[in-house]
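Please read the structure below before turning to the comments.
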Ligand SMILES: O=P(O)(O)OC[C@H]1O[C@H](OP(=O)(O)OP(=O)(O)O)[C@H](O)[C@@H]1O
Ligand SMILES: NC(=O)CC[C@H](N)C(=O)O
Ligand SMILES: [Mg+2]
């Protein structure tokens, strides 16, 4: 998953965007970038690594202007170590456009061919986001009349993007000399919210992947960007919005609620934290129904993400909740690290079990999800090493059996622990004495309770139902072939950076 943010302000935005990236860092740890706009000049700095490592004071000083966009990357296409694929991306025609993308296109190959053959555009990296930018640029060029853009042209171009692109895309872009553009794919798979700040010089607007960025930066959450909708804020701070898709249907990714988003964010009108509490409640229901024979002494979360669910599960069952694992706060999220070797090593560096909570006890460990099983395998073993008598394991999400093609990097079935295995086989694989998975309808109900009007959720990684309709067996096989082994070697991450000063007129 990536994090995107954009702001149109009346004062310099460099610090605001940097702070925003810190708030969205949990969505991507591999690369970071900021572009600001000063008149017709873009200032850009991006590179591999965490935001705090990519930006030094001297880089920040160069990021001049009152409007800007920024991105933190967790790669799903191309490779993790490529600093050339750090975002935002830039094209010089028409006008000069920069773009940051969260999500993943499912027709990248066809678009790449089309861009080259018909639109005469060259895409230089393996990133689907650079393809997306070139489609937008082409559509802007087509919709422009008399060498000047107006808002209607911009919305027409977004409609063109919706016609051509498949997959998931939440986008923030800037058009030099015009303003900031943001839009969401017709299914609203990836999140995007818009907020406002009233100032003496007039209103300022911010869009971001998660509301936590708005809260912390002093903006008030207005609403989610609708699926298929585009928002444009011009340089003077005037706000425009329009539905640009033919048949939008909100189908947000449920994995945002399970794992990705910060608990203090509200997306699609649903508090992520409250949804995780409800996941715990539903899981407790299942334990009462089907696992009442388990003699659980204590419920222990696997920090960080599973904490609210584990807490509520313990409350519901009337069992003690204890923090048995201590997390090293200086180690990032292991699931979004590139390469299995580094993920595996990081679990033990990150989590340490305290014997005092385990010795002689029957413990129920609760995690939000089991994906590759990297965490659960080691955690069960660690609990035994410090003296647990019985180790039960519960997952607040159902088994992850299908690849995610919409922005979460789990593209191959072979790497998913649950693919082709029964619950009993998985239990044996992770070495637990019992394994309890949330049922899919219970997960959906837990999330939907926060906003009952949401028509459906993208649950493809649990049930293989891909809303965009183009994810065939052949597509998955091709993806698996191209992605296996990619991102296995993150060497050099954190070292390469790119600076640009782009004057467009
Ligand atoms: O089965 P796996 O492949 O191990 O993936 C699932 C685990 O990865 C995530 O934790 P992560 O350490 O990334 O982040 P967290 O601190 O937010 O829980 C998630 O919360 C699970 O614990
Ligand atoms: N996780 C994401 O949103 C990834 C964005 C884009 N597909 C990339 O690989 O850079
Ligand atoms: Mg975790």
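From the backbone N, Cα and C atoms, a Cβ is placed for every residue, glycine too.
TrEMBL entries are annotated by machine, without manual review.
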Mg(2+) binding, same site as 367, 368 - TrEMBL member from 305, 412, 419, 422: 305
Listed in sequence order, residues with CB under 8 A of residue 305 (Mg(2+) binding site) and six or more positions away: 259, 263, 276, 367, 368
Mg(2+) site shell beyond 305, 367, 368, criterion: Cβ within 8 Å of Cβ centroid: 258, 259, 301, 302, 304, 306, 309, 366, 369, 395, 396, 397
Those residues of the chain, 6+ apart, with a Cβ under 8 Å from that of residue 2 (active site, nucleophile): 27, 28, 71, 72, 73, 74, 87, 100, 101, 102, 103, 209, 407
Of 2, 305, 367, 368, recorded positions neighbouring ligand 2, Cβ under 6 A: 2
Mean of pLDDT values spanning the domain 'Glutamine amidotransferase type-2' (2-236): 95
Other CB atoms, at most 10 A from the CB of residue 367 (Mg(2+) binding site): 22
